[in-house]
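Swiss-Prot has this to say about the protein:
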ACT_SITE  190  active site, tele-phosphohistidine intermediate
BINDING   297, 333, 455, 456, 466  phosphoenolpyruvate binding site
BINDING   432, 456  Mg(2+) binding site
ACT_SITE  503  active site, proton donor
């Protein structure tokens, strides 16, 4: 049995023939043109066709993956509509008398080089990748070349690619695409996250799969352990068929837990919740037996609108989610705009590092007219369910007090106007900045609850962009530095009689879950498709056995891998 090893990105086992997702030849020759107007018209047609493509892909992505994953295509369309980008291309055509292909390449190369040179700026690195993806699409229309369309796959296959762009992944049809394997990527890359949303096995970061496999080769993909079996024998296929059936049986057992509580062997109860981006995601939450919504990302209300959403529009969205959850808690995060989330109708200053700049609560406190509108809508909606409000990107106690003060002010105004507001309204904050994790004991006196955002907390603590492959090895959720911060937050909240949740990727991670249960995390919020798996895992745990495990994990010698093995060994007999 010959195996190729990679990073297990999405659980499951699949056997099928390889489908090579090969990028077409987009080479061209530089040429001098005499009719600039005609060439600019060619460019405009290619831009329009590309925008049309992206609108279609975005719709497919929203239906199959949800609004959060579809949002990346909004960024792509914004590039195509950016006058600085398109104007520079037109300028090249007019001034240098070059064909549209050459003008596009020169301008795109300049933008990409500028962004990629900012190695400490995650936002700019992501924009560079977006420009490459968009440029490829526009160039294909200029050349009359068809890009690969995974949506046209009509037989059972395993997709093999050097990498999968968000556009590629969004078009994968789970009926026929049984799995995918790539040369590059990590567990937190766009393609990996989308694979988990689609519930298809995936392995990334193999480095050589496109060299080791050719179209039509029979493969087995083990997305649980990160193995690709090349040229499997009948015995190999039979062995993995048994494993696949065992996994299917396991999922069927998970289904039985839909209406059960999340309880450990020794009777400790936890809340397993789901994250959503829009009211459309509510169906998945209910289908998977979530006990709450631990994170409602309200920024998509703003991103899916051509203008600032009105108070009434927001009220209706919040009300529909609260009513849909039928009394189960809903934690709503106030607007988290900035960083990688920009609004065409709300210009933000250009910054060297937007992720550490004017974003989230910093915008809300500065533009309290926008903030107050959202808070009024939330307060009005509080009558229709169990609402929890939390503020993102809080760094100081003063920020939290200011935000809560504005909330209390709007609440008083509504009551004075004769409107009712729920008297069971908790107000908390995201813990995603190391400063707030370190000083959790001070914040715990002010808040009703904490919600730990591990995606940003890990990046800021380790000074490593999780989307940058050069430093992604430092994105270490099991690093003892991260574990100590998390434990500090949980302990601080409990000391004050408050509760702590987690809404980052780590909450649904099979290695992190036993550690988090041992630390006493109260609420685990994750992708809806992970809820039953985590609930099942909890039933195998005895909290009395976890104290020593946690103590060892927070004191290892800065080794992410050591803690991973520690938990894996611990779970073998459970």
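From the backbone N, Cα and C atoms, a Cβ is placed for every residue, glycine too.
Known features from Swiss-Prot, placed on the structure.
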residue: 297; record: phosphoenolpyruvate binding site; Cβ neighbours (10 Å): 22
residue: 333; record: phosphoenolpyruvate binding site; Cβ neighbours (10 Å): 25
residue: 432; record: Mg(2+) binding site; Cβ neighbours (10 Å): 26
residue: 455; record: phosphoenolpyruvate binding site; Cβ neighbours (10 Å): 17
residue: 456; record: phosphoenolpyruvate binding site; Cβ neighbours (10 Å): 21
residue: 503; record: active site, proton donor; Cβ neighbours (10 Å): 29
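DSSP classifies residue 333 (phosphoenolpyruvate binding site) as strand under the three-state reduction. The binding-site residues near residue 432 (Mg(2+) binding site), taking a 10 angstroms Cα-Cα threshold over the set 297, 333, 455, are 455.
Cα of residue 503 (active site, proton donor) to Cα of residue 297 (phosphoenolpyruvate binding site): a span of 11 Å.
Secondary structure at residue 297 (phosphoenolpyruvate binding site), as computed by DSSP, is strand. DSSP classifies residue 432 (Mg(2+) binding site) as coil under the three-state reduction.
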